[in-house]
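> For reference, TrEMBL lists these features for the protein:
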type	residues	note
DOMAIN	23-325	domain 'Aminoacyl-transfer RNA synthetases class-II family profile'
BINDING	Glu81, Gly82, Thr83, Arg113, Gln127, Glu131, Arg258, Tyr262, Tyr263	L-histidine binding site
Amino acid sequence: MSVNIPRGTQDILPGQSEKWQYIESIAKDVCRRYHYKEIRTPIFEHTELFKRSVGDTTDIVQKEMYTFEDRGERSLTLRPEGTAAVVRSFVENKMFGMADQPVKLYYTGPMFRYERPQAGRYRQFVQFGVEAIGSEDPAIDAEVIGLVMDIYKMAGLKKLKLVINSLGDAESRTKHREALIRHFEPHIEEFCGDCQMRLKQNPLRILDCKKDRDHELMKTAPSILDYLNEESKAYFEKVTAYLDAVGIQYTIDPKLVRGLDYYNHTAFEVMSEAEGFGAITTLCGGGRYNGLVQQLGGPESPGIGFAFSIERFIAAMEAEKVEWPIDKGLDCFIVALGDAAKDRSVSLVHELRTAGLSAERDYQDRKMKAQLKASDRQHARFTAILGEDELTENRITVKDMAEGSQDQVPLNELANYLKTKMEAN
Ligand code: ATP
Ligand code: MG
């Protein structure tokens, strides 16, 4: 019996994995510039953490979690998202007591959701996310949004749309919530079962429903922006003014609500507008969560963050046909002919690697022609040929595949010779 990969997961093979590394390296470099530091948390957490933070009424908690009991009869869950664990760790490690606030963190790693697999939707996917916890300065909202836009920009994506909204503070949300109930209640039986439940539990999330999105009442639903109190309005205006100040373009969409319960004030998403991207265009989601730290047992510490998946990032790069500036990698392939030369090539390839070059040799006892072909296939910048004659004269024939030129190089100078030539162009 053959065993296949589980549904909704994928193997990232060489040829693709370089793209992942490339995006991760850009994201990490932008985080360095913005002075965010990496945090690594476990892949599983107590189930209770997600129930309490993401929210009991959300799709994630109700339908999508990979929950299991361990041998000690604890209920554990493979993390469906990153914020809950980061905030748990913030509280547990008393990061609220650190001198420098906000605490600025980033994370990356696999997340797990039991979803219906389709293009851009996996059961295991990799998120990159950022959290800034401990400040309520609207400048930090603009910073976090600017950070993710910089990551996309550095990667070369252009066809992006940034959408933002304010969900307001608790007072504004309560008023809006009442208005939503008044709006939907008379016709709630025309909506899906989930929405009927949402009406009383969390009517805001009706606006986020994928099944009922075309219902007439969705278009006329009361806008949160009309229910923002003075404070919330002023906060939102500051955020947009700071975005203007750093030249970030955005669209305000009062219908943008986020799936998770813990958001308030600023909410945002980045979409791809590339042609042929497919039905799911959201690349990144984020927002402010001022009550979450307290909800998880810490002191009041307002936070904001975002997460995107590398899967959708790569899909956007492919849809926009952005070049991948990926180094093919191999600097030198050593072609060895005859037993003595093959023996010598073992230490020779090691010398090159020690000198920092990527080097390869033949392990299949192939003839010269096949070795040369292998060198070609592997895009070696240099092919170095070591035959009997070369070996007795302590030299090696080096072909520069880019220039088409050829040199005789003393064996013990091979590494230096290659490095000098590579630095020259
Ligand atoms: P969606 O509306 O597409 O289900 P979401 O609101 O559930 O997204 P978030 O929880 O906000 O998504 O996660 C942030 C980002 O993570 C998304 O914008 C998307 O890029 C990515 N993401 C979410 N779920 C998946 C998945 N199943 N597969 C791949 N990427 C995902
Ligand atoms: Mg989802």
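Cβ coordinates are placed from backbone N, Cα and C, and glycine is handled just like the others.
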> If you count other C-beta atoms within 10 angstroms, which of the binding-site residues Thr83, Gln127 is the most crowded?
Thr83
> If you measure every Cα to Cα distance among Glu81, Gly82, Thr83, Arg113, Gln127, Glu131, Arg258, Tyr262, Tyr263, the residues said to bind L-histidine, what is the biggest one in Å?
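Output for L-histidine binders Glu81, Gly82, Thr83, Arg113, Gln127, Glu131, Arg258, Tyr262, Tyr263: max Cα distance 21 Å.
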> How would DSSP class Glu81 (L-histidine binding site) in three states?
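Reduced to three states, the DSSP call for Glu81 (L-histidine binding site) is coil.
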> Are there residues of the same chain, six or more positions away from Arg258 (L-histidine binding site), whose CB falls under 8 angstroms from its CB, and which are they?
Leu167, Asp208, Ala267, Glu269, Gly285, Gly287
> Starting from the Cβ of Glu81 (L-histidine binding site), draw a 10 Å sphere and report how many other Cβ atoms land inside it.
21
> Tell me the Cβ contacts of Tyr263 (L-histidine binding site) under 8 Å, same chain only and six or more apart in sequence, or just say none.
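Those within reach of Tyr263 (L-histidine binding site), by Cβ under 8 Å and sequence separation of 6 or more, are Leu167, Val257, Gly287, Arg288, Tyr289.
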> According to DSSP, collapsed to three classes, what secondary structure does Gln127 (L-histidine binding site) have?
strand
